[in-house]
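> TrEMBL lists 10, 139 with the feature active site. What TrEMBL lists as ATP binding site is 97, 98, 99, 100, 101, 102, 103, 104, 105, 106, 107. Taken from TrEMBL, the feature domain 'GHMP kinase N-terminal' covers 65-145.
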Ligand SMILES: C[C@@](CO)(OP(=O)(O)O)[C@H](O)COP(=O)(O)OP(=O)(O)OC[C@H]1O[C@@H](n2ccc(N)nc2=O)[C@H](O)[C@@H]1O
Ligand SMILES: Nc1ncnc2c1ncn2[C@@H]1O[C@H](COP(=O)(O)OP(=O)(O)O)[C@@H](O)[C@H]1O
């Protein structure tokens with residue numbers, strides 16, 4: 001029997017930094033799931049390798065793949081999955097571009113953990129899955145909760161649903177620019193560092209996404225935009241009217 005799950009992309013309607021936390025940065029952000037952009041992850045009953053087998057078009061080695069890392073974490077809690085994934089393969093139909101600020105790697109972790117939780121009847125609560133996944137990527141908790149729209153704070157571990165009319169989002173990802181999240185944060189810290197005040201962040205967190213996008217400019221909506229442009233100047237060519245910047249880039253998006 002084949003089982004599958006959709007693994008959606010996200011965009012950050014706004015993304016501000018509130019403070020440093022060791023090598024990381026605490027963010028204040030509105031995350032929105034992109035309903036028309038997703039990978040599909042399936043467990044398929046076909047594995048001739050007799051070891052963990054991940055099939056898909058990835059730009060990294062197996063050891064670096066977030067799905068493999070999620071498997072290693074989950075195996076600590078549930079050793080029986082080891083035997084299962086010697087008989088079954090994991091197949092990923094990859095549509096979310098990598099290095100694109102769309103959270104593809106984190107989304108895949110959440111989808112894998114959610115599908116495994118169901119398939120192996122683990123009955124783990126979302127809080128537990130979010131904790132397991134957060135060790136692998138900062139955006140995993142958002143994807144675990146499966147909200148269409150949420151306020152995300154901390155380094156991504158605090159997720160609160162934001163109820164609003166779903167937005168129709170069009171994502172524009174430059175084909176030739178790959179933004180490295182760690183480098184963009186480092187450039188922000190060294191050359192553009194600023195912190196949003198509690199008052200301003202509370203105001204943004206209470207506003208509808210459509211209102212936020214009407215009020216803020218591209219630069220003001222995302223603190224990582226200017227450092228990303230400094231590192232990857234070609235990004236500017238994509239900064240068209242009504243477009244906003246997602247995460248650490250390289251994707252832009254607009255509401256259609
Ligand atoms: C910026 C955001 C906003 O949604 O999205 P993306 O652009 O990646 O999609 C995320 O916070 C990114 O999350 P994610 O891509 O999972 O980051 P991680 O792999 O955990 O971290 C990569 C590196 O980025 C830096 N980092 C990441 C998150 C954070 N809040 N502060 C940081 O300083 C750290 O140097 C870390 O080593
Ligand atoms: N399952 C996965 N899907 C996408 N990228 C992955 C995955 N596993 C590891 N990566 C690696 O994660 C890095 C980018 O992460 P990704 O989530 O795609 O981008 P971003 O952080 O810009 O949203 C790249 O080095 C990519 O090769």
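Glycine is no exception: its Cβ is also placed from the backbone N, Cα and C atoms.
Those TrEMBL annotations? Automatic predictions, nothing curated.
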> List the binding-site residues among 97, 99, 107 whose C-alpha is within 10 Å of the C-alpha of residue 139 (active site), in sequence order, or say none.
107
> Grab the pLDDT values for the domain 'GHMP kinase N-terminal' (65-145) and give me their mean, rounded.
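Mean pLDDT for the domain 'GHMP kinase N-terminal' (65-145): 97.
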> Should we count any of the recorded positions 10, 99, 101, 103, 107, 139 as near ligand 1, judged by a CB under 6 A from one of its atoms, and which?
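Among the recorded positions listed, those whose Cβ sits under 6 Å from ligand 1 are 101, 103, 139.
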> Near residue 105 (ATP binding site), which residues of its chain come within a Cβ-Cβ distance under 8 Å, counting only those 6 or more away in sequence?
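In sequence order, the residues whose Cβ lies under 8 Å from that of residue 105 (ATP binding site) (at least 6 apart) are 66, 98, 137.
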> Could you say whether, by DSSP, residue 99 (ATP binding site) belongs to a helix, a strand or a coil region?
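Where residue 99 (ATP binding site) sits, the three-state DSSP reduction gives coil.
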> Between residue 10 (active site) and residue 101 (ATP binding site), how many Å separate their Cα atoms?
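Rounded to the nearest whole number, the Cα-Cα distance is 8 Å.
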> Over all shown protein chains, what is the count of other CB atoms within 10 A of the CB belonging to residue 99 (ATP binding site)?
18
> Using a 10 Å cut-off, grab the number of neighbouring Cβ atoms around the Cβ of residue 10 (active site), all chains included.
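Other Cβ atoms found within 10 Å: 27.
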> Check the recorded positions 99, 101, 103, 105, 107, 139 for any whose Cβ is under 6 angstroms from an atom of ligand 2, and report them in sequence order.
99, 101, 103, 105
> Counting across all protein chains present, how many other Cβ atoms fall within 10 Å of the Cβ of residue 97 (ATP binding site)?
19
> Hey, what's the Cβ neighbour count for residue 103 (ATP binding site) at 10 Å?
29
> Counting only residues 6+ away in sequence within the same chain, which have a CB under 8 Å from the CB of residue 107 (ATP binding site)?
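Within the chain, residue 107 (ATP binding site) has Cβ neighbours under 8 Å at 7, 8, 9, 10, 38, 39, 96, 139, 143.
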